[in-house]
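**Q** Have a look at this one.
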Amino acid sequence: MNAIWIAVAAVSLLGLAFGAILGYASRRFAVEDDPVVEKIDEILPQSQCGQCGYPGCRPYAETISCNGEKINRCAPGGEAVMLKIAELLNVEPQPLDGEAQELTPARMVAVIDENNCIGCTKCIQACPVDAIVGATRAMHTVMSDLCTGCNLCVDPCPTHCISLQPVAETPDSWKWDLNTIPVRIIPVEHHA
């Protein structure tokens with residue numbers, strides 16, 4: 001019985017000693033993060049899609065902050081993210097990267113043909129924002145509110161039942177260009 005208590009005490013002391021060493025090392029060798037990188041990373045949509053040319057949102061945020069990379073390369077975030085980053089960095093907003101377009105292209109979402117879905121879950125594993133729901137050997141569906149249109153779920157699908165489709169424009173989602181609407185100013189007469 002004494003041998004068991006000695007072993008328990010020895011393991012506890014070793015755990016305490018190694019914990020103290022690790023605690024000291026974590027404070028002694030801590031690396032300070034750039035607060036600007038943290039703020040940019042919080043603004044980005046965290047879809048980790050790679051459409052900006054970087055493997056994820058964090059590396060893109062680091063190159064924006066440290067190397068002066070363009071702020072207009074995040075396709076899933078679109079114009080809203082670019083404007084927030086421009087405001088944070090006090091730089092001029094830039095047109096979205098890609099083909100020159102006056103308006104932002106329509107938002108795309110993944111759509112699954114549920115009749116052909118075999119429930120392999122490969123699309124669920126590929127989705128960086130967990131916008132696809134379903135179970136093994138059961139049909140899957142996409143929650144369009146969460147889908148960023150990053151296209152990462154299309155290629156892994158063995159039955160090719162996933163496609164990207166534009167979101168239907170409604171009066172709420174339409175981007176009204178109010179500068180093109182002709183306005184006539186009518187003078188108002190004041191009577192005393």
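Glycine residues also receive a Cβ, built from the backbone N, Cα and C atoms like all the rest.
Take a look at what Swiss-Prot says about it:
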- Cys49, Cys52, Cys57, Cys74: [4Fe-4S] cluster 1 binding site (BINDING)
- Cys117, Cys120, Cys123, Cys157: [4Fe-4S] cluster 2 binding site (BINDING)
- Cys127, Cys147, Cys150, Cys153: [4Fe-4S] cluster 3 binding site (BINDING)
- 32-91: domain '4Fe-4S' (DOMAIN)
- 108-137: domain '4Fe-4S ferredoxin-type 1' (DOMAIN)
- 138-167: domain '4Fe-4S ferredoxin-type 2' (DOMAIN)
**Q** DSSP secondary structure for Cys57 ([4Fe-4S] cluster 1 binding site), reduced to helix/strand/coil, please.
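**A** Assignment for Cys57 ([4Fe-4S] cluster 1 binding site) reads helix.
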**Q** Rounded to the nearest angstrom, how far is the Cα of Cys147 ([4Fe-4S] cluster 3 binding site) from the Cα of Cys49 ([4Fe-4S] cluster 1 binding site)?
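**A** Given the Cα positions, Cys49 ([4Fe-4S] cluster 1 binding site) is 12 Å from Cys147 ([4Fe-4S] cluster 3 binding site).
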**Q** Just give me the nearest neighbour of Cys157 ([4Fe-4S] cluster 2 binding site) among the binding-site residues Cys52, Cys57, Cys74, Cys127, Cys147, Cα to Cα.
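**A** Closest by Cα distance to Cys157 ([4Fe-4S] cluster 2 binding site) among the binding-site residues Cys52, Cys57, Cys74, Cys127, Cys147: Cys127.
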**Q** If you draw a 10 Å sphere around the Cβ of Cys123 ([4Fe-4S] cluster 2 binding site), how many other Cβ atoms fall inside it, taking every protein chain shown into account?
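**A** 24, counting other Cβ atoms within 10 Å of Cys123 ([4Fe-4S] cluster 2 binding site).
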**Q** Whose Cβ, among the binding-site residues Cys52, Cys74, Cys147, Cys150, Cys157, has more other Cβ atoms within 10 Å than any of the rest?
**A** Cys74
**Q** Report the nearest neighbour of Cys150 ([4Fe-4S] cluster 3 binding site) in space among the binding-site residues Cys52, Cys57, Cys120, comparing Cα positions.
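**A** Going through Cys52, Cys57, Cys120 one by one, the closest to Cys150 ([4Fe-4S] cluster 3 binding site) is Cys52.
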**Q** For the recorded [4Fe-4S] cluster 1 site formed by Cys49, Cys52, Cys57, Cys74, which further same-chain residues have Cβ atoms within 8 Å of the site's Cβ center?
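**A** Near the [4Fe-4S] cluster 1 site, beyond Cys49, Cys52, Cys57, Cys74, sit Leu44, Pro45, Ser47, Gln48, Gly50, Gln51, Tyr54, Gly56, Tyr60, Arg73, Ala75, Pro76, Gly77.
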**Q** Could you give the number of helix, strand and coil residues in the domain '4Fe-4S ferredoxin-type 1' (108-137) as assigned by DSSP?
**A** 5 helix, 7 strand, 18 coil
**Q** For Cys49 ([4Fe-4S] cluster 1 binding site), which of the three DSSP-derived states applies: helix, strand, or coil?
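**A** Coil, per DSSP.
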**Q** What's the CA-CA gap between Cys127 ([4Fe-4S] cluster 3 binding site) and Cys117 ([4Fe-4S] cluster 2 binding site) in angstrom, rounded?
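**A** Between the Cα atoms of Cys127 ([4Fe-4S] cluster 3 binding site) and Cys117 ([4Fe-4S] cluster 2 binding site), the distance comes to 16 Å.
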**Q** At 10 angstroms around each C-beta, which of the binding-site residues Cys49, Cys57, Cys120, Cys127, Cys153 has the fewest other C-beta atoms nearby?
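**A** With the binding-site residues Cys49, Cys57, Cys120, Cys127, Cys153, fewest surrounding Cβ atoms within 10 Å: Cys120.
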